[in-house]
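Report on the structure given below.
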Amino acid sequence: FSTQHLSSATWFSHFCASARRFKSLAPPSSQTAVRSTSGDSLVRRLGLFDLILLGVGASIGAGVFVVTGTVARDAGPGVTISFLLAGTSCVLNALCYAELASRFPAVVGGAYMYSYSAFNEITAFLVFVQLMLDYHIGAASISRSLASYAVALLELFPGLKGSIPLWMGSGKELLGGILSLNILAPVLLALLTLVLCQGVRESSAVNSVMTATKVVIVLVVICAGAFEIDVANWSPFAPNGFKAVLTGATVVFFSYVGFDAVANSAEESKNPQRDLPIGIMGSLLVCISLYIGVCLVLTGMVPFSLLSEDAPLAEAFSSKGMKFVSILISIGAVAGLTTTLLVGLYVQSRLYLGLGRDGLLPSIFSKIHPTLHTPLHSQIWCGVVAGILAGLFNVHSLSHILSVGTLTGYSVVAACVVALRLNDKKGRESSNGWTSSWQEGVICLVIIACSGFGAGVSYRFSASVIFLLLSVGVAVIASAALHYRQAYAQSLGSGFRCPGVPIVPCVCIFFNIFLFAQLHYEAWIRFVVVSLLATAVYALYGQYHADTSTMIYQRAPESDSDSG
């Protein structure tokens, strides 16, 4: 018994030591130099314009033609404010992403890699698993939507109308609804995976053409609709009050998700330290402008109470005798879903590449094709997983448990900015003093996250305003403690610096977790269950196979020259 107890204690000690490891990354200049000269590196072919189109391609899908009208039915013309509030929140998150992308400009992995450097190995692995589940289910769901829109576009031709079978479009249910067969969705996934395997230049070209197509169509829709606006439809602007506008902001927040894809292209950007922050912010500002333009046109053309729920924009133009715009909207929806799916598959493969290099996943995911310069095995794996899910299951029914990974990732990235700024000043303090300061900062961040969840639950279930104010008050006190108790160093290097640290990251964390509380309760269960399963996988595989060549087992002060 004593030997078994000792063995268990030794295993647990090893697990705790491994989980606390964090990655020490080189300064930006040496990161770029190392990767560009190594044989397993990707090829730097993405310019600034490519990165902006990458972000826009990931963010604007068919939702620009549907979500705007759906939310407007409750918020009225105030949906414009909903998109503006959500966009502002995303801009704050983007500022955090921009600093870290500039700080680590030559490292793939995005939120996973940032949390690996700022916190520890187990946190990074949990972030990856939560993100990846969102990506896999999301890719399958989008591919099914793309198949449905493609079939709808084909049925515009008289000879094909009503003759395309269900298993090509929406799916044919089998075994009492347990399975839902769809052939077209896996075929579309296979085609996009093939494009991505050919190289970043080819996939970027496809994304650029499709993104430009949908942006032009959105601009045409805005311009055509602008001549049909009746300003009387904008009054009252918020017919159901500000709460409906705020609730709308929590819904449309996810319409902006995708700008973080730019951060995952660090190793393929020509000038990452300069271009990544501009690409992240630029793509987000383009999306905000387009969404607000569509909202103003839609609510100005038709009274909000008469908007259709399924195809509000298309029916709004049809009611004005402009049916040709409906055809453009269908084409725009296909182009939008194609780019969203393409960029999603691209980001997945780069995340797998990062974990394969670090040893947390089998090394096959880290292999780069010698001539195509793409992570071929990772890319094919992502396509196969999404293809199986899309071909056999009605993954739309799982949409209510999505966005957990996104909100978790955004919150951790914001926390990384604060943690790394604290990390930057360690060379000026003693070991004990710096460790205590860093731990105090992390505790404050956790308190802010818990306060955001408490405020979100209070708002969701219409609890007494006292509970809401109490949660906000605790978050304000924790943020004030972070601001006044800590002396923040400037971010190392000459790249972009997020303004207002730590207040901006604190606001991001609070609002992201507030949104997390608005998700279906099954999403909360999914977060806990997936985290436990991911911890088990890490305990059985990851902790033993991680590449420890750049690992540090405990936080201690280093000289400024070693920081980064």
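Using N, Cα and C of the backbone, Cβ positions are placed for all residues, glycine too.
Per TrEMBL, domain 'Cationic amino acid transporter C-terminal' is recorded for 496-545. According to TrEMBL, the feature transmembrane segment maps to 51-72, 79-100, 112-133, 145-168, 174-197, 209-229, 241-259, 280-304, 324-347, 401-420, 441-459, 523-541 (among others).
Summarised by DSSP class, the composition of the domain 'Cationic amino acid transporter C-terminal' (496-545) is 39 helix, 0 strand, 11 coil. Of the candidate ranges 112-133, 209-229, 241-259, 324-347, 324-347 has the most C-beta pairs within less than 8 angstroms of the transmembrane segment (145-168).
In the predicted model, the domain 'Cationic amino acid transporter C-terminal' (496-545) shows an average pLDDT of 93.
Among 51-72, 79-100, 280-304, 401-420, 523-541, 79-100 has the largest number of CB pairs under 8 A with the transmembrane segment (241-259). At the 8 Å Cβ threshold, with sequence separation of at least 6, the transmembrane segment (79-100) lacks contact with the transmembrane segment (523-541), having fewer than 3 such pairs. Using a Cβ-Cβ cut-off under 8 Å and counting only residues 6 or more beyond its ends in the same chain, the transmembrane segment (324-347) has close neighbours at 54, 56-65, 110, 135, 138-139, 142-143, 145-146, 149-150, 152-153, 156, 188-189, 192-193, 195-196, 203, 206-207, 210-211, 213-214, 217-218, 220-221, 224-225, 258, 261, 264-265, 311, 313-315, 317-318, 379, 382-383, 386.
A Cβ distance under 8 Å defines the sequence-distant neighbours of the transmembrane segment (523-541), meaning residues of its chain 6+ beyond its ends; these are 15, 19, 121-122, 125-126, 129-130, 133, 360, 400-404, 408, 516.
The transmembrane segment (401-420) is in contact with the transmembrane segment (112-133), judged by 3+ CB-CB distances under 8 Å for residue pairs 6 or more apart in sequence.
The transmembrane segment (209-229) makes no contact with the transmembrane segment (112-133): fewer than 3 of their CB pairs lie within 8 A, with pairs spaced 6 or more apart in sequence. Within its own chain, the transmembrane segment (51-72) has Cβ neighbours under 8 Å at 79, 82-83, 142, 145, 149, 204, 207-208, 210-212, 214-215, 218, 248, 251-252, 255-259, 261-262, 265, 269, 275-276, 278-280, 282-284, 286-287, 290-291, 294-295, 298-299, 304, 307-314, 316, 329, 332-333, 336-337, 339-340, 342-344, 347, counting only residues six or more beyond its boundaries.
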